[in-house]
């Protein structure tokens, strides 16, 4: 029996071939639409590398091609957009400034480490395939940090992240309301967020950003629309039946209230969501959530604990970790306390420990800490400057997103989740743009940036004289 889903289930391989000629135009309409939309972005990408970053993030987060039924489903849109972006970046005369600061340095160290451990992986036939998938995301993360250079880029990037996943929040929320909460909400198939738990974490992570965009909207209809998106996203998270998301959501909503400038409005909306959940969700939802208290009797929870012990044992015997794909039945049989009860990591922390060893886990945690501090620097920099209030608000909401990922991810295998690294990009780019806004008492905290410089180029006429100590 097919599972109920707010997403789209891919058709069998023979579907397109067996369709009659009268059915094909309607069947492929979505394919033509998505194909045309992506192709239409290419000229803009060639003119402006930042547009390529936006298009790539849209494809990787929203996965619009997974809503199709024909040739577009497996078309390499992301590779096409990434290649065009690199060409644009090389041809563009715009400055390419990569910010060198603690967050980016630790990120590059983490990328180097996950590459280094592949040479010692316990699954040599599988490790490089997974590395290839992860390194593509990491490469575009670094490209994004160099290509996004203006306040407009930072704002647009935040909107692209928010609306790309907000689409699935609205879709899942409407599905939950129409079904009375009786069915689970799933994400687009063959994606990072295909599973109900993974989708819940993604929506939980992006929700603070959506709320920040709602608070910043100047037009009334945009504010109301974004408020509706936020509410439906919460309903979608609840409709996923994810217990980890429920725990993470409680912590995240508390942080959202603490970080919000309008605490009364935020608190009232959060409180109004509680009776909405009680009204919409059926008894089976409450029965599943109640098993959180009795985890020692739940087979799924015990299986996760078994997987966590496995990760510790692998890291104990292999200081470099087991490499990508170490969570497999073959390796599980060697290191798990219960070798027959196979489970994947079900934790970003134990996944990092099992695959990348203690050093990899340490780098992962330090990266998260540096990301939080980056947001804190932006908030302090913008304090008392009305013209930069938007940047401070976005940084605060991005910090809450990191908290949502850190807490909700404790129960899911999403160490290399692209959304989290795009949040890091947003904070790094915000800091880079805020530094350009003008002097500040916190200017000493600003990251250094490196760009090509022509020694024969005359200084700009309106350039401020250099200040010397």
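Glycine residues also receive a Cβ, built from the backbone N, Cα and C atoms like all the rest.
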Field: Which range of 103-122, 443-462 is transmembrane segment, per TrEMBL
entry: 103-122
- request: Quick one: sort out which of 6-29, 390-413 is the transmembrane segment according to TrEMBL.
  value: 390-413
- request: Looking only at the domain 'O-antigen ligase-related' (229-365), report the model's average pLDDT.
  value: 86
- line: Stretch winning on C-beta pairs under 8 A with the transmembrane segment (390-413) (pool: 134-150, 224-244, 348-369, 419-435) is 419-435
Message: Under 8 Å for C-beta pairs, could you tell me which stretch among 32-59, 71-91, 103-122, 264-286 has the largest tally with the transmembrane segment (307-328)?
response: 103-122
- request: Could you tell me whether the transmembrane segment (103-122) and the transmembrane segment (199-217) have 3+ CB pairs under 8 A, leaving out pairs under 6 positions apart?
  value: no
- prompt: Between the transmembrane segment (103-122) and the transmembrane segment (224-244), do 3 or more CB pairs sit under 8 angstroms, pairs being 6 or more residues apart?
  reply: no
- prompt: Of the listed stretches 71-91, 264-286, 348-369, which one has the most C-beta pairs under 8 A with the transmembrane segment (32-59)?
  reply: 71-91
